Every structure is written in C-alpha cells, then in structure tokens.
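Record features, source TrEMBL:
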DOMAIN    12-336  domain 'FAD/NAD(P)-binding'
REGION    432-461  region 'Disordered'
Amino acid sequence: MAFTKLAQDRPRILIVGGGYVGFTVAQKIQKVIKDAGGVVTIVDPNPYMTYQPFLPEVAAGSMEGRNATVPLRQHLRDTEIVGGRIVSINHAAKTAVVEPINAGETFELSYDEIVLGAGAVTRAFPIPGLSDVAIGMKTVEEAVSVRNWVLERIETASLTADEAERRRALTFVIVGGGFAGIETISELEDMAREAVRRNNRLRVSDLHFVLVEAAPRIMPEVPADRAEKVVAELRARGIEVLLNTSLADATDGHLQLINMGDKSPAGELDTDTVIWTAGVAASPMLKETDFPIDERGRVRVGADLRVTGDNGVIEGAWAAGDNAAVPDLTGGGVGGFCVPNAQHASRQAVTLANNLLASRNGESLKDYYHETIGVVAGLGLWKGVANFKGKTIGGPLAWMMHRAYHGTAIPTTERTVRVMATWALNQVFGRDTSSVRHQRSPRLAFQQATGTAPEKSKAKL
Ligand SMILES: Cc1cc2nc3c(=O)[nH]c(=O)nc-3n(C[C@H](O)[C@H](O)[C@H](O)COP(=O)(O)OP(=O)(O)OC[C@H]3O[C@@H](n4cnc5c(N)ncnc54)[C@H](O)[C@@H]3O)c2cc1C
C-alpha cells in the first residue's frame, strides 16, 4: 500500500540513504528536479548524515556527537525526507518497500529513477561471544556510548580494590588496524590519559590499550615505513600492538588470541571493552533487490555510475559509494574498484548527480575518475599521520592537516563553523572527561525515585 501523505502525483527520484552519496546527490539535484515538477525523496532511518571520519573524535570527547552529523531537513529544503529503512526494491516494477522508524506499517513507494547510497555495515565474523561484548564504530550512538563507557570504566577502576577487576576495567581492546581502528585507539588513549591524570587514585601506566590486527601491518593506505613509524609511536605511548594476530573467542570478555599463521595461541586477556573496526561490507539490503550484485555484495555499476548488469545498463538506476563496485579507472584500487572511503563517495556523488541531470537532457555522461590526493588521520591531540601527493608527514603538522581537511570537508558552512568552534573552545578550556552516566537508561532516576528501579546488574557496554 502506498503512503498517501507522500508526493504521489509527481515523478520521483528516490535516494536510498542520506549519507555522503545521498546527501550530496540530493543537494545537487533537488532544485532542478523540483523546478521541473518532480520530487527528490531521501529514505534514511536517521534524520541526519553522519560524518564518519569524526567518530573517533566523538569517542574521545574532542567533538560533540551532534556536530558529527548534518541534519537532512535543515539543509535539504527541497527534498522530501522519509524516516525509514528501505527493506526491498523491485526495480522491474519501480517500487521500494519502506519500513518506517519506530511505528507504522511498511508501505510501498513508487519511483521513476533510483539512486542507491545505502553505504556499508560493520563486517564481523562468527567469533564466540563477540556480539555479546563488542561494539562497532560506524554510528554517532556507538561513538558517544564508547566515550561514556571508557570514562565510566576509569572511574569504576579507581574505586576497585580487586586488582584483577581493576585491570579488566582498564583494558581496552580495539580489533582492526585500518584507519578507523588506529584513529579510534589513538584518540581514546589520549582521552583516557587525560582522564586518569585528573584522578589521583590511578596512574597512566595502569591503562592497558591493545590493538589486534590480523595482517602483518597496519593502515594499508599509507606507505609501509610510515605505518611502522605509527606502530612505534603507539608502542611508545604504551599501546600494545599485536600484528598477525586474530581474536578466536570473546566469551564473557575473556579474549583468546591466536597467531594468524599457525593458529597457535597468542595470549589471553580479560576486558569489558572490545571495539570492532575490522572492516565493512556493503548494505545487506541490496540482497533484497533485483539489481546485479557482485561477489562482495556490492551493486555493479559502470564508470558513469549507472547500474550495469550482464545485459548492459539498467535504465533509471544509479549507485555510488560504499554500496557500489565502482571501477577505478586510474588503475589503482583493489581488484580494479575504488576503495570504500569518503573521498571517493563524495566525489562519485557529484559525478552521479551531473550524469543523472545530463541523462534527462539527452547529454553525454562522464566517467568517474579520481586520483587519490592523499590521506590524513588524527592520532590524538597534536598527533597525526598524513600521506599527501606521495609525501608522508607525521606529528603536529599532519594533525593540523587532518583538522583543516575534515573541518572544511564536512558538508555545509554551518557544520564547519560548529566543528571549528568546538575545537577552539576545547583548545582553550581542555576537553571534558566526565561521563554522562545512564544515557542508555534515562528513566533510571525516575524509577529510583518511585522505588521501581531494577536490581543493579553488572554494567555492560
Ligand atoms: C570510524 C570511521 C572513520 C572513517 N574515516 C574516513 C576518513 O578519514 N577518510 C575517508 O575518506 N573515509 C573515512 N571513512 C569511510 C567513509 O565514512 C565512508 O566510506 C563513507 O561514509 C561512504 O559514504 P556512503 O554515502 O557510501 O555511505 P554512508 O555515508 O555510510 O551513508 C549510508 C546511508 O544509508 C543509510 N542506510 C543504510 N541502509 C539503508 C536502508 N536500507 N534504507 C535507507 N537508508 C539506509 C544509512 O543510515 C546512511 O545514512 C571512515 C569510516 C568510519 C566508520
């Protein structure tokens, strides 16, 4: 059944997801489509785009969670926003099924053209106990929870006489040594160090941060010698970096590690905190569509970003970003395809929007071509690593490049100003290292007041 409150009488361009791809495409085409009598509709469960490169800083309290988002309604005034999740698409019939957030029955949305920008989800493996103890780093909610949790663990440890409990509370494990994992562990360690310095019952040496990486090196995006330098810097900060190591069991937070080569035991440790950043996979929703999907679950597109199957172009369907296998015409990329990152997603979105408008005017389409300009990563305050036009840079300069790049790359001037203002204020007053307790049980205070609070159980991330 169609939902009558949505535009029914106008040709619709349906955008699945309001992330980098969805937000950028809508921004570029909304006015033109509206003026031509059509409607651009974004369906996303979140009312905002998430600027994911800021999540490690949110987890470390260097940035407010909301500042890492760009509100869709505020910035896409000529776009119809639908708070829901697309659960299936029948492109042959040009309909998508939408599941509204929270309440309401699923309904069908018809469209004329579709843009697939559903991104990726955290890719985990069936490791015993993992889903009970671990958390990802893909959403603002995860990042905010990690911040509060780490600070709460520090507070808890400072009041625990039991040495094993204290060590467990202060052991923080990050699995995955890609950009997201390295930024997360570095930023968190930086915050934890500051929190411990403000707590005279603990010492910085009590903190135990552990990075577990299955490959023989970290950060495949930067040259090997720079990656080795980053490992050396992390180790100098007291972070334990375990390469060629994998997590075999996480039951009840008792982690069993193994060597990647011969699968022999590589140690055991107890922790309350496991953050999983070991990769992403294209949105599983794509499996519920009639689009051509490759072996990695991504929708197949040509270099002009039209969905393309074995029998050629599928009219009226476009895709880009993490949910698409976009050919990398520079000859780089993995397996001939662009790697899933924001640098590509935001640029592909611009090409997609231009091509979509060009196709309506019968003009020729352009192929997506982008030579990577470099990468930047923040590793805590005044620490960073960058690889720019073949040159590798570390330390405060790389950190400033990271902030300058991301501070201006977040869409809209309004967000840039908010982000810069937060950074400036934190530089002057220092970052806030107190946790907002019970964020996930906000009714607890009321329940305690009315004597209906549940019995205290062991805290869990
Ligand atoms: C911690 C972290 C740090 C990163 N740092 C960097 C960095 O420094 N540099 C860089 O280049 N890249 C970085 N990336 C990668 C980058 O964020 C992604 O490549 C980029 O977000 C991909 O854009 P996208 O539009 O394809 O997907 P997304 O931005 O993920 O957007 C997808 C959108 O689709 C919505 N959605 C999903 N499923 C559905 C559905 N079924 N129905 C409707 N909507 C749906 C989601 O809610 C989301 O809003 C980082 C990623 C992470 C997690």
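If you go along the chain as it appears here, the first residue is 1 and each next one adds 1.
Every residue gets a Cβ built from N, Cα and C, even glycine.
Because TrEMBL annotations are produced automatically, they should be read as predictions rather than curated entries.
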Distant-in-sequence neighbours of the region 'Disordered' (432-461), which means Cβ under 8 A and at least six residues beyond its ends: 61, 133, 135, 144-149, 151-152, 155-156, 191, 194-195, 198, 272-274
Across the domain 'FAD/NAD(P)-binding' (12-336), average pLDDT on the 0 to 100 scale: 96
Counts of helix, strand and coil residues, the region 'Disordered' (432-461), according to DSSP: 6 helix, 0 strand, 24 coil
